[in-house]
């Protein structure tokens, strides 16, 4: 959801930059009105549109998550087995951004209806006069002038010679249905009250409304007299964002400047064509982007800062603040890592039983500890998200037409190589104790080489050793997607078990 909101804000910002840079000085007022009404809608729709063909335009990264490798244990670690009745992941109702969002939405909604109530009160309590399809509302002891749907509000203090011009101006707002535009943005403000660009959009649409009404009102009065009307006094316009005031201080200067401008030439309409390639780029970006990333860094952040644990009657309960936002794979991965790090007597693999209960997912089953020197330490029961690569990278000895066999052989070969090559004497040199978790990310290039190796560990020397070992992996047969060789990222968790 957060990623979707960020995309909306970015797209709206781009649309507004285009408007301010190329369009707002043009006298194509109706075109600009359409632009300002359509682009905020496009900003909310484009992130939801995923066009598969566009994914082929941009090279994709397909992350392969390898099973965890346990190194450093000794042969004296006999195979042991424990029983875990249940580990429960459930939602914690924290005062989160969701509550803040609802409070903001509620406040903006209340303010909106308060403004509507003020308008309705004026309509009910003020003298009124029906003229054709609209109604004139007389405001005693006021110099305000504005319109709202089919109602024109005119203050009694407005000079009689100016009233006709102002009336014609407001009638144009009514005929053009400008109130609908402003209510549309009021609705956007209720949903996106935290987005400053919605308010920027509303200010620009209000300016366009005045430009349209001014241009048509000049037919009833000369420019000179119209300027005098604009500058004669500051009217006491009601502070309501969805009415069309005749006099608004922040717009008077802009309106006069726009009245003095010559009409834009038709050839300037090409500027609206800029919108097409921009929308195309946005669609490509949206189609190729992924909202949920599988980076290990993010998983650690969730584990360390947002998980609370409690034990009662043999049941371990893990409370996760953003439980609902996590995918099932993420929930399982958090549990796997938790068991590996926190529960005594578990190291490498286990069998999981999954049960769901509304906001809870219950995991239970046998958890088995195995000797790190056993070649079968990577269990077939572990569910490893291997991505969507049609043909994964592999070693020459693992080459097979069956992709699953390639995956299994490759992961086992990497596991054996790392276990054999890692310098376990580092524990003594660095005076390390307990379990040391190392996260490694690397890529198999289109040529089959190991590239872009990065590691994160509790000690810099562990990072250097992990990078050294991964860089020493033999050359591989590169991965393929749709018949083309591609770079394939790998994520490899390594647990360095320091035995006392």
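Glycine too: its Cβ is placed from the backbone N, Cα and C atoms.
Mean pLDDT for the domain 'Peptidase M56' (159-259) in this predicted model: 82. The feature domain 'Peptidase M56' is assigned by TrEMBL to 159-259.
Under DSSP, the residues of the domain 'TonB C-terminal' (427-497) split into helix, strand and coil as follows: 16 helix, 35 strand, 20 coil. The domain 'TonB C-terminal' annotation in TrEMBL covers 427-497.
The transmembrane segment annotation in TrEMBL covers 6-23 (among others). Cβ atoms under 8 Å from those of the transmembrane segment (6-23) belong to residues 31-32, 35-36, 39-40, 42-44, 46-47, 192, 195, 197-198, 200-201, 204, 271-272, 274-275, 278, 282, 286, 289 of the same chain, restricted to positions at least 6 beyond its ends.
Annotation source TrEMBL lists transmembrane segment at 35-53 (among others).
Residues annotated as transmembrane segment in TrEMBL: 99-120 (among others).
For the transmembrane segment (269-286), the residues of the chain that approach it from at least six positions outside its boundaries are 7, 11, 14-15, 18, 22-23, 26, 28, 31, 35, 39, 42, 46-51, 54, 57-58, judged by C-beta separation under 8 angstroms. Under the heading transmembrane segment, TrEMBL lists 269-286 (among others).
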